[in-house]
Amino acid sequence: VVETQEHYKSRWRSIWIMYLTMFLSSVGFSIVIMSVWPYLQKIDPTADASFLGWIIASYSIGQMVASPLFGLWSNYRPRREPLVISTAISVAANCLYAYVHVPHSHNKYYMLTARALVGFGAGNVAVVRSYIAGATSLTERTSAMANTSACQAVGFILGPVFQTCFTLIGEEGVTWKFLCLQLNMYTTPVLFGALLGVINIILIFAIFREHRVDDMGRQYKSINSDGEGNDVLDQNTEGSIDHVAVVALNILFFVILFVFAVFETIATPLTMDMYSWTRKEAVFYNGIILSVIGIESVIVFMVVKTLSKKTGERAILHAGLLIVLVGFFILLPWGKKLPNIQWQEIKNNSVPRTAPSEMLAPFWSLPELQLPSNHTAEPVGCPVTQSWCLNTPMIYLAQYISSDVLIGLGYPVCNVMSYTLYSKVLGPKPQGVYMGWLTASGSGARILGPVFVSQIYTHLGPRWAFSLICGVVVVSLLLLEIVYKRLIAFSVRYGRMQE
């Protein structure tokens, strides 16, 4: 008997708590994204769009720093400790965010600190993934990792939905003077996130238990166990980890998140340049597109669980990268039709144009353009300050939509398969630190992606930007080919199980 029914139920209850933790982590990031810029302008008029970029990036920086630390902690102590502490940090950071309007100066720095601490608390993603990897057998692993990624995706989708619901409260809302607290459309979402965090902590104490099984599903203890399980199965932990495969998967994961960060960042400025959309139109239409992609991703997460049993994770990862490559290749400008130039749209040249740096900011960071009182239209089209607008063919809307669909299909496939293969290569060894490095590489990609695309797109245009992305994906495909045979489960590598 591999395990008792009672142990099986307890193990999966704990895994479901990890799903919830992952969901709340992503909600904590996305629930304020739409309102960060107007809230920042309200509490500190000295803040500009460039500082907003630091606030957005601070989440990923905090997560990048915290992931290896929490991962190391979880290797040697019961995982409940880093899970509770990290969630408590996120709760405290959300409460700080709700009070950043109180100080009389330097409010923007308090907001920066709050978002960095929320990201630091989100470093528990490494603990979650390492626990799920250790609490599932090889046959359960892909499905569990897909469910984890699906919970993360749903959190990113529902965060802005929650934010939209809270806008009904309005900018003024209700003020509780005895607490110095303003309950409005900016602070209520983070307080709601803090409440969810408190509920998560209670569930971790009440339901979560430390479980560990080997690749075949046999129960045993590990160094961070809290007393459950049988004797350690030493024979299943003998052997060394294939570090070449580990490094290769870290690189591949970095590339996957890098190209998706580029895709998210470029969506708004690209559509404004190519299709002469206003800010409002770009935010609205791209919001719909990204929501559809989010739903598509959740469906893909569910499908790959079944598909991987027939084809294997490596083949699906290969296919996912190819789909992403085709998606970006389709975005390359072809034809002869040029985009509308911004100065052609507005007869009076005295109307200020949007700076390229503002065009490249994410949609939540676009400040309201101040037009002279005798003008009601905002400038639209490709700004003449971007010299490539004068000679680069436009990207047709059909190209853009097709690319969105393909990237929305390829990204979740690559995401799940990377995590699954990584956990299988590591095998029964403690995975906290390794998962921490993988999460950190993903956070680094989310920081560097927007920086890369902002520079290349502004100065060289979409042809260079997307060509370089295609080149990066081709190199990652070559890397995958080189290490393809090494991306096998630890137990398969040492002949304890058949592939």
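Numbering starts at 1 and runs along the chain as it is shown here.
Cβ coordinates are placed from backbone N, Cα and C, and glycine is handled just like the others.
Confidence for the domain 'Major facilitator superfamily (MFS) profile' (14-488), expressed as mean pLDDT, is 81. Summarising the annotation, TrEMBL assigns domain 'Major facilitator superfamily (MFS) profile' to 14-488.
Feature annotation from TrEMBL assigns transmembrane segment to 16-39 (among others). Within the chain carrying the transmembrane segment (16-39), a Cβ under 8 angstroms from the stretch's Cβ atoms is held by residues 49, 52, 55-56, 59, 83, 87, 90, 94, 97, 111, 115, 118-119, 121-122, 124-125, 128, 131-132, 147-148, 151-160, 162-164, 167, 185-186, 189-190, 192-193, 196-197, 200, 203-204, 207-208, 364-367, all 6 or more beyond its ends.
For 51-71 (among others), the entry in TrEMBL reads transmembrane segment. Counting only same-chain residues 6+ beyond the ends of the transmembrane segment (51-71), those with a CB under 8 A from a CB of the stretch are 29, 33, 36-37, 40, 82, 86, 108, 111-112, 115-127, 130, 361-362, 364-365, 431-437, 439-440, 443-444, 446-447, 450.
According to TrEMBL, the transmembrane segment annotation covers 83-100 (among others).
Residues or ranges marked as transmembrane segment by TrEMBL: 112-132 (among others).
Same-chain residues lying 6 or more positions outside the transmembrane segment (153-170) and placing a CB less than 8 Å from one of its CB atoms are 22-35, 183-185, 188-189, 192, 287, 291, 294-295, 297-298, 301, 412. Among the features that TrEMBL reports, transmembrane segment is placed at 153-170 (among others).
Residues or ranges marked as transmembrane segment by TrEMBL: 190-208 (among others).
With a threshold of 8 Å between CB atoms, the same-chain residues lying at least 6 positions outside the transmembrane segment (244-263) that come near it are 317, 321, 324, 328, 407, 411, 414-415, 418-419, 421-422, 425-426, 434, 437-438, 441-442, 444-446, 448-450, 452-453, 465, 469, 472-473, 476, 479-480, 482-483, 486-487. Marked as transmembrane segment by TrEMBL: 244-263 (among others).
The transmembrane segment feature in TrEMBL is assigned to 283-304 (among others). Sequence-distant neighbours of the transmembrane segment (283-304) (same chain, 6+ residues past either end, Cβ-Cβ under 8 Å): 142, 146-147, 149-150, 153-154, 156-157, 160, 264, 267-268, 271, 277, 316, 363, 366, 401, 404-405, 407-409, 411-413, 416-417.
Packing against the transmembrane segment (316-335) from elsewhere in the chain are residues 252, 256, 259, 304, 307-308, 392-396, 399-400, 402-407, 409-411, 413-414, 417-418, 421, 461-463, 466-467, 469-470, 473-474, 476-477, 480, 484: each is 6 or more residues past its ends and has a CB under 8 Å from a CB in it. Under the heading transmembrane segment, TrEMBL lists 316-335 (among others).
The transmembrane segment annotation in TrEMBL covers 400-422 (among others). Away from its own ends, the transmembrane segment (400-422) comes close to residues 129, 141-142, 145-146, 148-149, 153, 246, 249, 252-253, 256-257, 259-260, 263, 270-271, 274, 289, 292-293, 296-297, 300-301, 304, 308, 313-314, 316-317, 319-324, 326-328, 330-331, 434-435, 438, 487 of its chain (Cβ-Cβ under 8 Å, at least six residues beyond either end).
TrEMBL lists 434-458 (among others) with the feature transmembrane segment.
The feature transmembrane segment is assigned by TrEMBL to 464-484 (among others).
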>> Could you check whether the transmembrane segment (190-208) packs against the transmembrane segment (83-100) - three or more CB pairs closer than 8 Å, residues at least 6 apart in sequence?
In response: yes
> Other than its close neighbours in sequence, what residues sit by the transmembrane segment (434-458), given a CB gap under 8 Å and a spacing of at least six beyond its ends?
Replying inline: 53, 57, 60-61, 63-65, 67-72, 119, 123, 125-127, 129-130, 133, 241, 246, 249-251, 253-262, 265-266, 269-270, 356-357, 359-360, 362, 386, 418-419, 422-423, 426, 464-465, 468
>> With Cβ-Cβ distances below 8 Å as the criterion, list the same-chain residues six or more beyond the ends of the transmembrane segment (464-484) that contact it, or say none.
In response: 244-245, 248, 251-252, 255-256, 258-259, 262, 266, 314, 317-318, 321-322, 324-325, 328-329, 331-332, 453, 456-457
